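Participant: Next up is a structure, given as C-alpha cells.
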Amino acid sequence: MKRAVVVFSGGQDSTTCLVQALQQYDEVHCVTFDYGQRHRAEIDVARELALKLGARAHKVLDVTLLNELAVSSLTRDSIPVPDYEPEADGIPNTFVPGRNILFLTLAAIYAYQVKAEAVITGVCETDFSGYPDCRDEFVKALNHAVSLGMAKDIRFETPLMWIDKAETWALADYYGKLDLVRNETLTCYNGIKGDGCGHCAACNLRANGLNHYLADKPTVMAAMKQKTGLK
C-alpha cells in the first residue's frame with residue numbers, strides 16, 4: 001500500500017497537494033502545525049478540509065516553542081504584515097526562521113511511524129517569496145539528512161516547486177477542485193478565508209495567479225501539464 005504524509009496548512013498550496021496526493025496514494029495522512037501563528041484560523045480550516053477531502057488521518061502538532069524562538073510578523077501581533085512583495089534578494093518579515101526545517105523533520109518522523117514512503121510539501125521556488133526554506137536545494141539537502149538520520153528512505157515530494165501560482169490554480173482545476181480551493185482554503189496572513197483580506201503579500205500573490213489563470217485557461221493549463229507531466 002502506498003502511503004504519504006502531507007504537510008497541511010489548509011492554504012491553497014497544501015490543499016492542492018492534498019487533492020493530488022489523494023489521487024496518487026492509497027492512504028494519505030495530514031500533519032498540521034500549531035505554532036501560535038497570527039493566522040491561527042488555518043488550523044480549523046485544515047481540520048475541515050482534511051475530513052472533507054478524505055484524508056486517512058489528520059494530526060495537529062503543538063510546536064508553540066517555535067513561536068518563542070522565531071520572531072516574525074506571523075508570530076508577533078506587534079509586527080505588521082507587509083502588503084507588498086519583497087525585493088528579489090530580500091527576506092520578508094513573514095519569514096519564520098526554521099519553520100520548514102522543523103515541519104519537514106516532524107512530518108518525516110510521523111511518516112516513519114505510519115510507514116509512509118513520502119512527505120509532501122507545497123513549497124515553491126518559482127513564485128519565490130524570499131523564503132530560503134522553500135528552495136529546492138534546501139528541501140533536497142534536508143531530505144538527504146533525514147534519510148540518513150532515520151536509516152530509511154522517506155522521500156520529500158514538492159509537486160509545486162517549478163510551477164507558478166497561476167499553474168497551481170490550473171492544477172486544482174485539473175482535479176476538479178478549483179472552487180473548493182478558492183472558497184474554502186485560507187492563505188491570507190491576516191487569517192481570512194477564501195479570497196482573504198486582499199492586501200497582504202499572500203493574498204496578492206494568490207489573486208494575481210488566479211486572475212492570470214482565468215484570463216487564459218488553455219495556455220496556463222497546457223504549461224502546467226508540460227511541467228508536471230500530467231496528461
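Cβ atoms here come from the backbone N, Cα and C positions, even for glycine.
Model, not experiment: these values are computed from the prediction.
Heads up, here are the entries from Swiss-Prot:
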BINDING   Phe8, Ser9, Gly10, Gly11, Gln12, Asp13, Ser14, Thr15, Thr16, Cys17, Leu18  ATP binding site
BINDING   Cys188, Cys197, Cys200, Cys203  Zn(2+) binding site
Participant: Just going by other Cβ atoms within 10 Å, which of the binding-site residues Cys197, Cys203 has the emptiest spot?
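Facilitator: Sparsest of the binding-site residues Cys197, Cys203 by Cβ contacts within 10 Å: Cys197.
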Participant: Tally every other Cβ atom lying within 10 Å of the Cβ atom of Cys200 (Zn(2+) binding site).
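Facilitator: A 10 Å sphere around the Cβ of Cys200 (Zn(2+) binding site) contains 24 other Cβ atoms.
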Participant: If you take the centroid of the Cβ atoms of Phe8, Ser9, Gly10, Gly11, Gln12, Asp13, Ser14, Thr15, Thr16, Cys17, Leu18, the listed ATP site, which other residues of that chain have their Cβ within 8 Å of it?
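Facilitator: My list of surrounding residues reads Val6, Ala46, Leu49, Gly122, Thr185.
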Participant: Between Cys203 (Zn(2+) binding site) and Ser14 (ATP binding site), what is the CA-CA distance rounded to a whole number of Å?
Facilitator: 15
Participant: Does Gly10 (ATP binding site) have same-chain partners at least 6 apart in sequence with Cβ under 8 Å from its own Cβ, and which are they?
Facilitator: Thr32, Glu42, Ile43, Asp44, Val45, Ala46, Arg47, Glu48, Leu49, Thr185, Leu186
Participant: Let me check the 10 A CB neighbour count of Phe8 (ATP binding site). How many other CB atoms are there?
Facilitator: 33
Participant: How long is the line from the C-alpha of Ser14 (ATP binding site) to the C-alpha of Cys197 (Zn(2+) binding site), rounded to the nearest angstrom?
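Facilitator: Ser14 (ATP binding site) and Cys197 (Zn(2+) binding site) have their Cα atoms 19 Å apart.
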Participant: How many other Cβ atoms are found within 10 Å of the Cβ atom of Cys188 (Zn(2+) binding site), counting all protein chains shown?
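Facilitator: A 10 Å sphere around the Cβ of Cys188 (Zn(2+) binding site) contains 24 other Cβ atoms.
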Participant: Just the number: how many Å between the Cα atoms of Cys188 (Zn(2+) binding site) and Phe8 (ATP binding site)?
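Facilitator: The Cα atom of Cys188 (Zn(2+) binding site) is 15 Å away from the Cα atom of Phe8 (ATP binding site).
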Participant: Counting distance between Cα atoms, which of the binding-site residues Phe8, Gln12, Thr16, Leu18 is nearest Cys197 (Zn(2+) binding site)?
Facilitator: Gln12
Participant: Relative to the Cβ of Leu18 (ATP binding site), which residues of the same chain, six or more apart in sequence, are found under 8 Å away?
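Facilitator: Leu18 (ATP binding site) has long-range Cβ partners Val6, Phe8, Val28, Cys30, Leu49, Ala50, Leu53, Ala55, Ile120.
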